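J.: Here's the feature list from TrEMBL:
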DOMAIN    A:31-323  domain 'Gcp-like'
BINDING   A:HIS118, A:HIS122, A:ASP316  Fe cation binding site
BINDING   A:LEU140, A:VAL141, A:SER142, A:GLY143, A:GLY144, A:ASP173, A:GLY186, A:GLU190, A:ASN288  substrate binding site
REGION    A:341-364  region 'Disordered'
Amino acid sequence: MTRTLTFLGLESSCDDTAAAVVRMEETGPRILASVVAGQTALHAPYGGVVPEIAARAHAEKLDLCVEEALAEAGVTLADLDGVAVTAGPGLIGGVMSGVMCAKGIAAGAGLPLVGVNHLAGHALTPQLTEGLAFPYLLLLVSGGHCQFLIAHGPEEFTRLGGTIDDAPGEAFDKTAKLLGLPQPGGPAVEAEAMSGDPKAVHFPRPLLDRPGCDMSFSGLKTALLRARDAEVAEHGGLRRQARRDLCAGFQAAVTDVLAEKSRRALREYLAHAPEHPAFAVAGGVAANATIRARLEQVAAEVGATFAAPPLKLCTDNAAMIAYAGIARFETGAQDGMDLSARPRWPLDRSAPAMLGSGKKGAKA
Amino acid sequence: MPTETPPLFTLDLPDAEATARLGETLAPLLRAGDVLLLEGQIGAGKTHFARALISARLAALGRHEDIPSPTFTLVQSYDAAPEIWHADLYRLTHPDEAIELGLDEAFETAICLVEWPDRLGDLTPPGALTLRFSLRAGGAARAVEISGDAAWRARLQPLESWPDA
């Protein structure tokens, strides 16, 4: 690193609106501020987590997030070296308001503009938090995503496989819903599973019998529904212990699938980069202690370094966008005022398609 | 609403493959402006059906793509002629949000598969086809009730011979 770079990052591609300031110093990157304006508080009167559909709502909150992030970081626009923004994939209205806001700031303050792939933000987070060097194997596992990627560089990824249907985070949420547990489902199901017997109810291990790194989680819903209905039919309701057992059985199935597929992905990765044994996990599901411990074990089996960023940087945030923006900028990349929002934007351009390609067509 | 009249078809779907086959059977029968309302509880097979249908239409164009769940993104759209929209409205709280998503326009120009269509309220297109999925006792079995107007009855003739369709 020859000089210090300070970037503002903006993220508004999904439910959350966020702004952050990250500074790249000689010793590595430092997060000066990271602000996330969740939807939960705003929509609390209506109950539950409501998605942000309108670009307008994102736009309103972006200004406030930027102000707060700059104040918290103790910098002004004059101290910045660039503005990074999520340009996709995601809900088009949200992405567009982020891109517009970033363009406004960049033009007004005379700063370079860098568009960032939201998934690259997640994929590069282990570098931001753990200083992990390229290349490494990444499991991105969250509410909407589940894929194995080899990270070769800031914009260079190879996809080894991913879910062919639901992502695990969605499966946890739906499990919670089916069992009358609160949302978000991840922590609720994990808490119940702690005092449950994972062997009391048998859950399938989808796609384990097939080669490759692809996964499937939607069939676990059927297994759960059947077991729940059998329990209700037999006992006239869902007993506390039965619910704990169902949660434990479900979690064990997800853990087994992720662990075995990680083992295979690591084998493929190590054949490619034997001198760099490193396995990183990013995404909200990495917060599950059982899953995390098993993945750590899988890495240890082959002597690979294991890295998992802290939870608040695993879920959607703008620090990862600012960092990914710096990483792109350092390679000489920069965008003009023609930067457009991309609803679909696969990380691995050689792969035909990937999960989480987002949508297009919403009104701004 | 067509849901008050008796269904055009009530089909047994003994396993997940049968649900997929129904999607593949309907895929070539659809055209721009068709809206399929997919009803049924979590795990009833709505997304599985939609995936099979979309996958079959893309395969007919020589394309093989992942069909992710729209639960988090609300809508996944697929570039094809006509465009295919796969929506999950579970997280919507007001029909106006469906307009924000651009669904009202898509109803006219695209093939739309809509999960949790009760969120649409008055926006529900009158000519839509409703597929109500439900779980049958035991195993992986589901059933589906398909309801629509007379025009749909004529177009869905290939289903007369289900399960040999």
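Using N, Cα and C of the backbone, Cβ positions are placed for all residues, glycine too.
Just so it is clear, the model here is predicted, and its values are computed rather than measured.
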J.: Cα-Cα separation of A:HIS122 (Fe cation binding site) and A:ASN288 (substrate binding site), in Å?
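T.: Spelling it out, the Cα of A:HIS122 (Fe cation binding site) and the Cα of A:ASN288 (substrate binding site) are 17 Å apart.
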J.: Across all chains shown, how many C-beta atoms besides its own are within 10 angstroms of the C-beta of A:HIS122 (Fe cation binding site)?
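T.: A 10 Å sphere around the Cβ of A:HIS122 (Fe cation binding site) contains 28 other Cβ atoms.
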J.: Could you measure the widest C-alpha to C-alpha distance across A:LEU140, A:VAL141, A:SER142, A:GLY143, A:GLY144, A:ASP173, A:GLY186, A:GLU190, A:ASN288, the residues recorded as binding substrate, and give it to a whole number of angstrom?
T.: 19
J.: Compile a sequence-ordered list of residues in the same chain as A:ASP316 (Fe cation binding site), six or more apart from it, whose Cβ lies below 8 A from its Cβ; state 'none' when nothing qualifies.
T.: A:GLU11, A:SER13, A:CYS14, A:ASP15, A:ASP16, A:ALA18, A:VAL36, A:HIS118
J.: Can you list which of the binding-site residues A:HIS118, A:HIS122, A:LEU140, A:SER142, A:ASN288, A:ASP316 come closer than 8 Å to chain B, going by CB to CB distance?
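T.: From A:HIS118, A:HIS122, A:LEU140, A:SER142, A:ASN288, A:ASP316, flagged as close to B: nothing.
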J.: Measure from the Cβ of A:LEU140 (substrate binding site) and count the other Cβ atoms within 10 Å, all protein chains considered.
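T.: Its Cβ shell of radius 10 Å holds 27 other Cβ atoms.
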J.: Going by DSSP, give the three-state secondary structure for A:LEU140 (substrate binding site).
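T.: Looking at the DSSP assignment, A:LEU140 (substrate binding site) belongs to a strand.
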J.: Taking the centroid of the Cβ atoms of A:HIS118, A:HIS122, A:ASP316 as the Fe cation site, which other residues of that chain lie with their Cβ within 8 Å of it, listed in sequence order?
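T.: So the additional residues around the site are A:GLU11, A:SER13, A:CYS14, A:THR86, A:LEU119, A:GLY121, A:SER142, A:ASN317, A:MET320, A:ILE321.
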J.: Are there any residues in the same chain, six or more apart in sequence, whose C-beta is under 8 angstroms from the C-beta of A:GLY186 (substrate binding site), and if so which?
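T.: Counting only residues 6 or more apart in sequence, the Cβ neighbours of A:GLY186 (substrate binding site) under 8 Å are A:GLY169, A:PHE172, A:ASP173, A:GLY284, A:VAL285, A:ALA287, A:ASN288.
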J.: Using all protein chains in view, find how many other C-beta atoms are within 10 Å of the C-beta of A:SER142 (substrate binding site).
T.: 24
J.: I need the most crowded of these binding-site residues: A:HIS118, A:GLY144. Count other C-beta atoms within 10 angstroms of each C-beta and give me the top one.
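T.: For the binding-site residues A:HIS118, A:GLY144, the Cβ with the most other Cβ atoms within 10 Å is A:HIS118.
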J.: Taking the Cβ of A:ASN288 (substrate binding site) as centre, how many other Cβ atoms lie within 10 Å?
T.: 24
